[in-house]
Amino acid sequence: MASMLVAQRLACSFQHSYRLLVPGSRHISQAAAKVDVEFDYDGRLMKTEVPGLRCQELMKQLNIIQNAEAVHFFCNYEESRGNYLVDVDGNRMLDLYSQISSVPIGYSHPGLLKLIQQPQNASMFVNRPALGILLPENFVEKLRQSLLSVAPKGMSQLITMACGSCSNENGLKTIFMWYRSKERGQRGFPQEELETCMINQAPWCPDYSILSFMGAFHGRTMGCLATTHSKAIHKIDIPSFDWPIAPFPRLKYPLEEFVKENQQEEARCLEEVEDLIVKYRKKKKTVAGIIVEPIQSEGGDNHASDDFFRKLRDIPRKQCCAFLVDVVQTGGGCTGKFWAHEHWARDDPEDVMTSSKKMMTGGFFHKEEFRPNAPYRIFNTWLGDPSKNLLLAEVINIIKREDLLNNAAHAGKALLTGLLDLQARYPQFISRVRGRGTFCSFDTPDDSIRNKLILIARNKGVVLGGCGDKSIRFRPTLVFRDHHAHLFLNIFSDILADFK
């Protein structure tokens, strides 16, 4: 299958990136490099509206078993390749959402198909071990080749998990254990502590808190949900904790026209963070840590300046609490750096860093001082999946070999420049264009218009995603090139020209 996919290369010529800088211009390209076309399709192919009849039937069948209202459509992953997702009705779409930002190097990459066909790797895909107690011989080697090969500065400790939520959940637990250990000192666990914690009683189930930000999304498990504030439907009916919630900067765009206003907004938010830490300490709900996304993704692609994050990092250091950076959606290279918070240019940017999605497995890095002092404190049955570490090692090799971080920065510039042009031509539909690398977005007037634009684009052969109240977000793969950006921009320009 891998050789077949490699053989199915594009016969047509793409054109390289340049654009006509006049209103109503098209985005044009020249011959793309061979690496661009090794396994990608040559374009869209639409046979029906989406969802089509076959998809609608499958949705009905699923809805008998579970609530299927969130389902967009059913996919044919055997036929999906590169940047193109094929559905069960045969529609081939340019996928700029990539499974909620979780596909690193495109669908059915030949390098990964070749990897899983190698006989020595078969047992890793067939047998899923309990990684806390019974590990495969090559587990440490594969960690070094995968996650540890891209470890953030100052991070030598790593625990793998299955998803972003469990990465954050256990990252928060690690912070609580670290904080309590500081208070307790080096002594062990007295019998009184062991007994009272079993019935959820203080002080041995301490009433600590985690400070999070309005608009944040860190997951849907109980602890994570207490730090998630993006959509009410995620939280309603679920008991939660009295933990502090700080405002996240709401920047005005274009940034160069609102420098003073944005500086004041960021200063206001930083001041509120400090005030909340003091307030909750007085309430006997001590803030053990702060959790933040480098870009609030689910909450609306909310950005803040690098200077804001550098100053935010100083607050937990001063207040003697921990700092957790959640790069679940912004990690893996989409911003032009492997980890989004590398843009802050700090030697000590975090105490704990959680990741998942494009990394193909969950997990979190942490400093040595946050290492659990006993077994089973951070634990579950699977603790990730060694087959994903194997795949990730090859993904990282491909990212380095094909220089995909620079590609994300370059293709992202083409996308962002085109979006700014569309904003100038259609200000009634597009505002607040923003982005880093290919991690781009813009606002629409309201959620109704946003949702209509997404549906129209899908029926034109482009998969987009929404976020926040009225934003459209772009989450393409790392093999998204300039010519893919120009293809989208031409399609979306036509959509906006006809939109009513």
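Note: Cβ is positioned from N, Cα and C throughout, glycine not excepted.
Positions annotated as transit peptide by Swiss-Prot, on the basis of similarity to another entry: 1-28.
Swiss-Prot lists CYS163, CYS166 with the feature [2Fe-2S] cluster binding site. Counted within 10 Å of its Cβ, the other Cβ atoms near CYS166 ([2Fe-2S] cluster binding site) come to 22, all protein chains included.
The C-beta environment of SER165 (pyridoxal 5'-phosphate binding site), restricted to residues of the same chain at least 6 apart in sequence and closer than 8 Å, consists of HIS218, GLY219, ARG220, THR221, CYS224. Swiss-Prot lists GLY164, SER165, THR381 with the feature pyridoxal 5'-phosphate binding site.
There are 14 other CB atoms within 10 A of the CB of ARG220 (substrate binding site), with all protein chains counted. Marked as substrate binding site by Swiss-Prot on the basis of similarity to another entry: ARG220.
Summarising the annotation, Swiss-Prot assigns N6-succinyllysine to LYS231 (among others). Under 8 Å, Cβ to Cβ, and six or more positions away along its own chain, LYS231 (N6-succinyllysine) finds GLU298. Classification of LYS231 (N6-succinyllysine) by DSSP places it in coil, neither helical nor stranded.
LYS252 (N6-succinyllysine) is surrounded by 13 other CB atoms, counting those within 10 A of its CB over all protein chains shown. What Swiss-Prot lists as N6-succinyllysine is LYS252 (among others).
Annotated N6-acetyllysine per Swiss-Prot: LYS252 (among others), in sequence order.
Feature annotation from Swiss-Prot assigns N6-acetyllysine to LYS279 (among others); the stated evidence is similarity to another entry. In sequence order, PRO244 are the residues near LYS279 (N6-acetyllysine), counting only same-chain partners six or more apart with C-beta under 8 A.
The N6-acetyllysine feature in Swiss-Prot is assigned to LYS318 (among others). DSSP assigns LYS318 (N6-acetyllysine) to a helix.
Here Swiss-Prot flags LYS357 as N6-(pyridoxal phosphate)lysine. Under the DSSP three-state reduction, LYS357 (N6-(pyridoxal phosphate)lysine) is assigned to helix. Residue environment of LYS357 (N6-(pyridoxal phosphate)lysine) contains 25 other Cβ atoms, counted within 10 Å of its Cβ in all protein chains.
Residues or ranges marked as N6-succinyllysine in Swiss-Prot: LYS413 (among others). Secondary structure from DSSP puts LYS413 (N6-succinyllysine) in a helix.
Around the Cβ of LYS413 (N6-succinyllysine), the same chain contributes no residue under 8 angstroms that is 6 or more positions distant in sequence. According to Swiss-Prot, the N6-acetyllysine annotation covers LYS413 (among others), on the basis of similarity to another entry.
For LYS452 (N6-acetyllysine), applying a Cβ distance below 8 Å and a minimum sequence separation of six or more within one chain yields PHE499. Summarising the annotation, Swiss-Prot assigns N6-acetyllysine to LYS452 (among others).
Of all Cβ atoms in the shown protein chains, 19 besides its own fall within 10 Å of the Cβ of LYS470 (N6-acetyllysine). The annotation N6-acetyllysine is assigned in Swiss-Prot to LYS470 (among others) on the grounds of similarity to another entry.
On a Cα basis, THR381 (pyridoxal 5'-phosphate binding site) lies 37 Å away from LYS318 (N6-acetyllysine). Note: the Cα of CYS163 ([2Fe-2S] cluster binding site) and the Cα of LYS470 (N6-acetyllysine) are spaced 27 Å from each other.
Counting only same-chain residues six or more apart in sequence, the Cβ atoms lying under 8 angstroms from the Cβ of GLY164 (pyridoxal 5'-phosphate binding site) belong to GLY219, ASP326, VAL328, GLN329, THR354, SER355, SER356, LYS357, GLY362.
Comparing Cα positions, CYS166 ([2Fe-2S] cluster binding site) lies closest to THR381 out of the recorded positions LYS252, THR381, LYS470. If you draw a 10 Å sphere around the CB of LYS318 (N6-acetyllysine), it holds 9 other CB atoms from the protein chains shown. When the Cα positions of GLY164, SER165, THR381 are compared pair by pair, the longest gap among these pyridoxal 5'-phosphate-binding residues is 16 Å.
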